[in-house]
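Copied over from TrEMBL:
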type     : residues                                                       : note
ACT_SITE : A:His408                                                       : active site, GMP-histidine intermediate
BINDING  : A:Asp97, A:His205                                              : Mn(2+) 1 binding site
BINDING  : A:204-208, A:333-334, A:382-385, A:Ser389, A:408-411, A:Lys484 : GMP binding site
BINDING  : A:His239, A:His333                                             : Mn(2+) 2 binding site
Amino acid sequence: METSMKVNKISDCLWEIPKTEKEGMLVPARIYANDTLFESMDKGVFEQITNVACLPGIQKYALCMPDGHWGYGFPIGGVAAFDTKDGIISPGGIGFDINCGMRLITTNLKAEEVKPRIRELINELFRAVPAGVGAKGTLKASVTQLKGIMERGVDWCIENGYGWPQDREKIEECGHIPGADPSKVSEKAISRGANQLGTLGSGNHYLEVQMVKIDNIFDEKTAGIFGISEKNQIVIMVHCGSRGFGHQVATDYLKVFDKAMKKYGMTVKDRELACAPFKSSEGSDYYKAMLCAANSAFANRQIITHRIRESFSKVFNTSAENLGIEIVYDVAHNIAKVEKYKIDGKEKEVLVHRKGSTRCFGPGRKELPEIYRSVGQPVIVGGSMQTGSYLLAGTEKAMQETFGSTMHGAGRTMSRHAAKKRVRGDQLLKTMAKDGIHVKTASMSGLAEEAGIAYKNISEVVETMDGLGITKKVVKLKPIGNIKG
DNA sequence: ATGTAC
């Protein structure tokens, strides 16, 4: 970390840049990190998060989570809430991969049953869930079907045989956010999305078979409520988003917003922060199109879940029901949502941008499935393929301090380019096999980019927010098999 | 992240 900005340490794991540090800052910027994470924090984060603090209508603070690093306009790991009356919406605060997110799925299988057959299982999953750049799914949706998916997300999937009725409530927003309007989505986005349903994509997207080690259960009661109670229990984690569809929506509206900025006489610190008033026609159109992409990403993860059920059923020669393949939860970590918070003593409606950040609502919230309401929202944090992932629970403190938000993963420390220079994909594959992780990848160079050394230490990231009481650790999950794009 | 560049 090198910056000329004044950064005050205000508590053990919380840092603040006062609004006097940059002309135009409307609120302070806050960074969540322990000393180690703070020292290694990408310098771009300081520049970007203080730029975000200048955007119209921002409330309280511009936030960056401990997994934060430089991104397009906003840092990845960024959280910013804007007044829905006079604030903005910005594609850079959501990300190109709209509703990129995580899903965690249980089984009642044990590691000792799965490990001997991991190669066969991974081969089957690799066949059933297409991975890699430009991967096409076996389901080719018509324009009418796509419209249904954009508007109704997971409900469409369940009605069409790609899920079980009980799946819907175990998904953020029940797998579809109302207000999506397909007429705000370009033909080009629709054509890119038509054959990508049920596909994983590339980059850091993966499908992982994981196990629960007994000494990695930190909160037995909450884990049990989330469906994790067995020693050596096998679970499945999926990380993917809206593929080319969401990417095209973001691209389309960045162009629209470039013009809208001139029209409304708005200026921003960085062109990548292109935005429009949320209530303007441009802002509202983007929001409605963004929700179409968000719903299709929920549907994408749902169709992948269906393929997982089919694959496990085939390999273990019994029904998915018998195998207990149930959703724990599904979270979006690239999205903007309308939520209400108490700000300066008054309840206020805000548009919370979470870019590489996860909603982590505390206990009692009506948005949570009834069975989880006593313990808070499950939060799924995907680590690097080598180091494992976490399941956490949201808290009331997060509602007060971070607009109900926490980290989304480990966070990169190394560029993709730098990682490829340090690591060879074929060697990494062998190293991981020795560590008991069977990997199948669509791209060896892509695998090298995702090496564990290219990421922060996930445990430190998780501990930072656990120590502050923003999210509480429930379970750490160890990978045994991985499919990546 | 992304038919990894319009």
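The count begins at 1 with the first shown residue.
From the backbone N, Cα and C atoms, a Cβ is placed for every residue, glycine too.
Local packing around the recorded positions A:His205, A:His239, A:His408 was summarised as the count of other Cβ atoms within 10 Å of each Cβ; on this measure the leading residue is A:His408. Cα of A:His333 (Mn(2+) 2 binding site) to Cα of A:His408 (active site, GMP-histidine intermediate): a distance of 6 Å. DSSP assigns A:Leu207 (GMP binding site) to a strand. Cα proximity to A:Asp97 (Mn(2+) 1 binding site) (within 10 Å) is found for the following binding-site residues from A:Asn204, A:Leu207, A:Asn334, A:Gly411: A:Asn334. The Cβ neighbour count for A:Leu207 (GMP binding site), using a 10 Å radius and every protein chain shown, is 28. Between the candidate binding-site residues, A:Asn204, A:Asn334, the densest Cβ environment within 10 Å is the one around A:Asn334. Using CA atoms as reference points, the binding-site residues A:Asn204, A:Asn334, A:Gly411 were checked against A:His239 (Mn(2+) 2 binding site), and the closest is A:Asn204.
Annotation: A:Gly411 carries the greatest number of neighbouring Cβ atoms among the binding-site residues A:Ser384, A:Gly411 [cut-off 10 Å, Cβ to Cβ].
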